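These come from TrEMBL:
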DOMAIN    26-476  domain 'Major facilitator superfamily (MFS) profile'
TRANSMEM  26-51  transmembrane segment
TRANSMEM  63-81  transmembrane segment
TRANSMEM  93-111  transmembrane segment
TRANSMEM  117-138  transmembrane segment
TRANSMEM  150-171  transmembrane segment
TRANSMEM  177-198  transmembrane segment
TRANSMEM  294-318  transmembrane segment
TRANSMEM  338-356  transmembrane segment
TRANSMEM  363-383  transmembrane segment
TRANSMEM  389-410  transmembrane segment
TRANSMEM  422-445  transmembrane segment
TRANSMEM  451-471  transmembrane segment
Amino acid sequence: MGEVAETYIVDDALISLGFGKYQALILVYSGVAYAAEAMEVMILSFIGSAVQSKWNLSAHEKSLIASVVFAGMLVGAYSWGVVSDYFGRRQGFLFTALVTSVVGFVSSFSPNYISLVILRFFVGIGLGGGPVLFSWFLEFVPAPNRGAWMVVFSFFWSIGTILEASLAWAVMPTLGWRWLLALSSLPSFLLLVFYTITPESPRYLCSKGRKSDALLVLQRMARMNRKPLPSGELVSDRNWGSDELDENANGSAVTHAAHASRAETSFTKDVSSKVKCVGSLYKLLSRKLLRTTLLLWIGFFGNAFTYYGVILLTSGLSDGGCGVTKKDKVGTRLYKDVFITSLAEFPGLLLSAVIVDRIGRKFTVALMLFGTFAFLIPLVSHYRELTTTALLFCARICITGSITTLSIYAPEVYPTSVRSTGYGTANSVGKIGGIVSPIVAVGLIDGCHQTAAVLLFAGIIIATALGVLFFPIETKGSSLKDSVDSLVASVPESKPAALN
């Protein structure tokens with residue numbers, strides 16, 4: 001009998017090469033993109049009142065400025081996810097950077113309310129590419145400390161929120177909201193400048209049968225990190241996109257059951273190739289992934305609704321809430337309070353970084369959600385500015401840790417074949433929460449219904465936390481999978497219903 005050749009998968013290579021200079025460059029590039037997205041989202045905390053005052057808008061028209069951005073992100077998150085799963089991660093974030101930077105800059109010249117709403121909708125479509133960046137960076141990180149590094153990646157979002165709060169504080173009182181929109185679009189242009197030197201994900205390349213291209217990326221990584229690749233041949237969990245028939249050790253053909261499985265896979269691939277969006281959604285809602293997908297949608301809706309609600313509650317309560325004239329609402333108190341609560345993202349990320357690889361993703365998200373509830377529920381009553389800001393600061397710590405950990409879990413739980421699409425779709429559902437949240441946070445506060453707004457947030461937080469506890473798989477320390485079948489095979493036999 002001949003010797004069996006040694007093989008290794010991308011996970012083995014990443015563990016062998018460790019987190020070195022190569023991953024650090026990937027971190028910086030994707031991090032700048034993530035910070036740019038955060039800046040565009042944080043703009044919503046500042047321009048609403050200024051535009052309302054300039055164009056004499058109603059409370060509903062003011063909240064619509066934020067809602068259309070989330071509506072665009074809903075469309076973009078799924079669309080860019082499909083693009084990156086079928087044409088590559090690089091293609092996905094190239095188009096997102098183009099749309100975000102160009103349309104974001106043009107929106108600063110909006111001549112009227114309608115044009116501003118339309119342009120910010122398209123900015124939202126560009127911002128929907130955030131999940132692509134998450135998936136791209138995730139696929140370069142070794143499994144043992146993946147959770148901690150993904151939290152580090154999330155720090156760039158917090159950096160973006162702090163930069164935007166600082167920029168607004170400096171620009172808005174003197175130059176106005178148009179300059180804020182223009183300056184906030186500049187970081188996205190940096191992505192286009194360095195795009196040509198960014199690598200494609202080796203895991204994506206391998207899953208598409210482009211093992212030689214994947215090996216070239218890994219070899220460059222090995223040289224930069226100054227560590228050797230494992231010996232043997234690079235293989236994927238499954239040769240997606242290959243027409244080869246698997247054979248057993250004696251060279252015999254695969255069994256009838258294996259042929260049937262391959263035929264089913266070929267059918268799914270054929271559907272996906274002809275109608276990519278439908279094919280990807282078909283996989284996400286298949287029996288094997290249905291429970292995971294639906295619970296993730298609940299988790300993202302509740303987390304996004306609460307996260308953006310806390311941000312907008314800060315600006316709404318800082319505006320003075322009901323009974324305050326539009327002219328009085330625009331002042332330094334808004335910038336100060338939003339800046340202070342934005343600083344809460346750093347301890348939130350540090351806290352999640354400490355516990356995410358210890359107690360796991362599921363329990364970290366649930367714990368943070370219960371903490372958010374504990375700090376928001378006292379706001380059913382009215383307090384002085386200092387107490388209100390302190391409660392919102394603590395709530396921001398917890399919800400930041402929750403949504404960050406959930407954003408780590410989502411791409412981990414899906415296989416490479418649908419990772420960006422799955423995460424992007426879940427993120428899209430989260431944007432529905434973002435669409436509704438401004439109406440609640442701004443509309444109810446402006447309408448003197450603070451107690452009703454807080455109780456609604458509290459109810460959604462509890463429902464989301466309970467849904468998170470039913471997540472079927474804990475991904476802490478596990479390797480990423482390339483196909484649905486390999487994901488199912490990794491679930492212990494004692495828990496066969498985990499993916500049903």
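Backbone N, Cα and C atoms are what each Cβ position is placed from, and that goes for glycine too.
Of the candidate ranges 93-111, 177-198, 363-383, 389-410, 177-198 contributes the most Cβ pairs within a distance under 8 Å of the transmembrane segment (26-51). Here the transmembrane segment (93-111) sits against the transmembrane segment (177-198); at least 3 CB pairs are under 8 Å, leaving out pairs fewer than 6 apart in sequence. Contact between the transmembrane segment (63-81) and the transmembrane segment (338-356) is not supported: fewer than 3 Cβ pairs lie under 8 Å, counting only residues 6 or more apart in sequence. With pairs at least 6 apart in sequence, the transmembrane segment (177-198) and the transmembrane segment (389-410) have fewer than 3 Cβ pairs within the 8 Å limit; the two do not touch. Counting residues 6+ beyond its ends, the transmembrane segment (363-383) has Cβ neighbours under 8 Å at 299, 302-303, 306, 310, 313, 348, 351-352, 355-356, 391-392, 394-395, 397-399, 401-402, 405-406, 409, 450-451, 454-455, 457-458, 461-462, 464-465, 468-469 in the same chain. Ranking 177-198, 338-356, 422-445 by CB pairs under 8 A with the transmembrane segment (117-138) puts 422-445 at the top. A mean pLDDT of 78 is what the model gives for the domain 'Major facilitator superfamily (MFS) profile' (26-476).
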